[in-house]
Amino acid sequence: MTEATGIVGEFLTLKEGTDADLLAMQCGDFYEFFAEDAEIVADELDLKVSQKSSHGSSYPMAGVPVDDLTPYVSALVERGYRVAIADQHETENGHAREITRVVTPGTHLETGDESAQYLAAVVREASRDSGDTYGIAATDVTTGQFQVTQLDDADAGEALTELYTFGPAEILPGPELRNDDEFLDRLRERTDAALTLHDSASFEPGRASHTVREQFGSETVDSVGIGDQNVAVRAAGAVLSYVEDTGVGTLAAVTRLQAYGERDHVDLDATTQRNLELTETMQGDSSGSLFDTIDHTVTAAGGRLLQQWLQRPRRNRAELQRRQSCVAALSEAAMARERIRETLSDAYDLERLAARATSGSADARDLRAVQETLALLGQVADAVTETERLAESPLADALDGADREAADSLAAELDSALVADPPGTVRQGGLFKRGHDDDLDEIIDEHEAALEWLETLPDREKERTGITHLSVDRNKTDGYYIQVGKSETDAVPEKYQHIKTLKNSKRYTTPELDEKERDVLRLEERRHDMEYEHFQRLRARVAEHATLLQDVGRTLAELDAFASLAVHAVENDWARPAVVDGNELSIEAGRHPVVEQTTEFVPNDLYMDDDRQFLIVTGPNMSGKSTYMRQAALITLLAQVGSFVPARSATVGLVDGIFTRVGALDELAQGRSTFMVEMQELSNILHSATEESLVILDEVGRGTATFDGISIAWAATEYIVNSIQSKTLFATHYHELTALGEELPTVENVHVAVDGEPRSAGSDGDVTFLRTVRDGPTDRSYGVHVADLAGVPEPVVDRSQAVLDRLRDDKAIEIRGSEQNDGGTTQAVFDLDSGQFRDGAAQSGGAAAGSTAEPVATDGDPEHAPGEAAAEGPKGDERAASLDSETEAVLSELTELDVNETPPVELMAKVQEWQAELDDE
């Protein structure tokens, strides 16, 4: 291949020196992409491709204007590309270009997304004796936040859950995780984050510790308690190293180090956040999510903070009570609340403006936005102090956290310097007010006097020459010129020097005009240079106050989030919950916070404590079982956000995690069936939940055969009750499980009530779903009735009801057996009342198997508990003879299996093994 020279050669040389996916190189007023990069960018952004010749070869070229680079780079980063930027600057020998930054998903300052934009690193240190130790660090370079934690004696699931709470845009796996395919696969499944392999040396303990202490100071590192947490420090050092490597000046914005422990936040894994639809619905839309429902914020920072609160609920009761008190005060001070919200609606995003200032990318409009927002702090403070209810609340203390005097001083400095509406570019002048600097004022006066001379020149020349069609203008080619209409060119003075002829006019210059042009250009350049120098100093002053901007921005964001929660509480009649230690969960007239916005909602009570830990929820299809359980989880979550809740009253015992197995999300695209996903989610819950957790289980086991499903559901229930002891709500159509309410002391049954008679063969029935939850079990699901409501053809509905009635009358289900010589199939029939097999019976063509049931006697005979083989009846020998060897082997294993002593996941695997054996016969 011919070696390129010139601009293309320079581009290719720079590209070889970076590991970025794409390179944008400034060439004058454009950023250009060459060669393969040009083809990629053109395809992704629909740009026109031209050709650039170099050393006998032709290279594709695509470009974007300098002023339009940001949106194009943002689009590329959103598509997963890492884009290097090579800026052009002047030297004594002409132009020079160098890579100044690499824009990646986790280091993108100019993002248009108002939500947090986290870059995270995860490190693992293996342990032979117990669980591993994980270090996790995450920073949002757009706001300067930096958070770090260490998980001791943890597993991969806990680390992944912790990572997911940040919703990172980019993740740096530590060296020991890069070859762990299982971990990386799970990481890809749970997040959309880009995975980047950063320099392994940056993860080394010594180097990482030096990097962290250099950035934040040894005193800060030790005071937040991570000085001796080597694994956490390794992750933190890698994040800081990556930020420094990818962006000049970006690291200066990272000033707020926060360390948190494992007990600071509620565990919300990816499955739970999805199932509870915290920030987006199951369909992937933000509209209709919990955040969308309760978000009444008027600032970007306030909305971002409220979303973070939802995704990372707290376990600190004092902090939750502080938040509740702020919401309560604003709820009771309507006029002051609206005054504050109206003031905040004029606020800009100070946290992100601070990051832009420290990185050197802030323009004059950004600094004016800083000034205007800092000035609002005093107005908000006045609204609080002038309202007795607010002045006596923690809101007053929150405002004390921001240095109002320093904020007022910086705001005054910026206001005295900048014009009210500065231009968008900082190189074209017009940024500063008169009086900011005497030398600058003198240059501005001279420049504007020269411009005024030019502005009045046409009138003077018309009067002097008598020419009516005369104007003065300027362009890049001709500079300043006098233009005269063709009909009057004979009247031009002799000193007019002709420079160009057009169709209807001619252009001239004069010695005076040439001299004045030189003066204007000289003064213009001097003015622009001086203004830019002053602007750089002013921007540096703002950057020095980055921590102040972040503090004020955080304060205003908190006020906005509190006001948003107060607005929603007042408009929807929400109540302040009592947040307590212990396992009590008491909800009076609770409602679902999202569903109640669109549907007339029937409130329901819920009570759980140490003696009532596990609720089995039964009831018809479409009756509201899932909604009832979700609202319990959401009320708990909202209480641990610090919000009021949709209920008449509520007492919420603090939980350490909320875990859900809800719905039937099929992930066939990843090669996993609905049932496999369900079992993996159940496995995660059984491994992760503790006695302080809240667990929501919806229809566990329904994705497989009936016996398998009941066995798994039964065993999981026993395991949770006996081993984990977490508060659990379990909705099921396996009515056999309700027997556990009599056998296990902390298990209770509740059901969603129905009014009327169910449909039966020959009768339409009349059923009303009351949506009311009552104590005790139910034994009907009304599935055929729901099928009728859904519009299933009447013959199918009628036949379904007839089959259902027969099964109920017979109280038996039939199990597949061995083939007979006549082509029929012998069925092993299991009697639901006796808990024993009946005589085998041949049926031509093979009768359909029944639809439900665990082999358990309905009279509660303890000899026939789930997982144990029914006692052999008088016809036991005949039954054995009628079954094939595979079925008999499975029954034999089932007889010997102790369900109570078998872990649920192992039991699940055994059931799947039996199912495979029977399917293969």
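Numbering starts at 1 and runs along the chain as it is shown here.
Glycine residues also receive a Cβ, built from the backbone N, Cα and C atoms like all the rest.
The structure displayed is predicted, hence computed values, not measured ones.
According to Swiss-Prot, the features are:
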type     : residues                                       : note
BINDING  : G619, P620, N621, M622, S623, G624, K625, S626 : ATP binding site
REGION   : 837-887                                        : region 'Disordered'
COMPBIAS : 840-853                                        : compositional bias 'Low complexity'
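Ranking the binding-site residues N621, S623, S626 by how many Cβ atoms sit within 10 Å of each one's Cβ puts S623 at the top. Counting every protein chain shown, the Cβ of P620 (ATP binding site) has 22 other Cβ atoms within 10 Å.
The candidate set comprises the binding-site residues G619, G624. Of these, G619 has the most other Cβ atoms within 10 Å. Residue density at K625 (ATP binding site): 24 other Cβ atoms are found within 10 A of its Cβ, drawing on all protein chains shown.
According to DSSP, G624 (ATP binding site) is assigned to coil rather than to any helix or strand. Taking all protein chains in view, 16 other C-beta atoms sit within 10 angstroms of the C-beta of M622 (ATP binding site).
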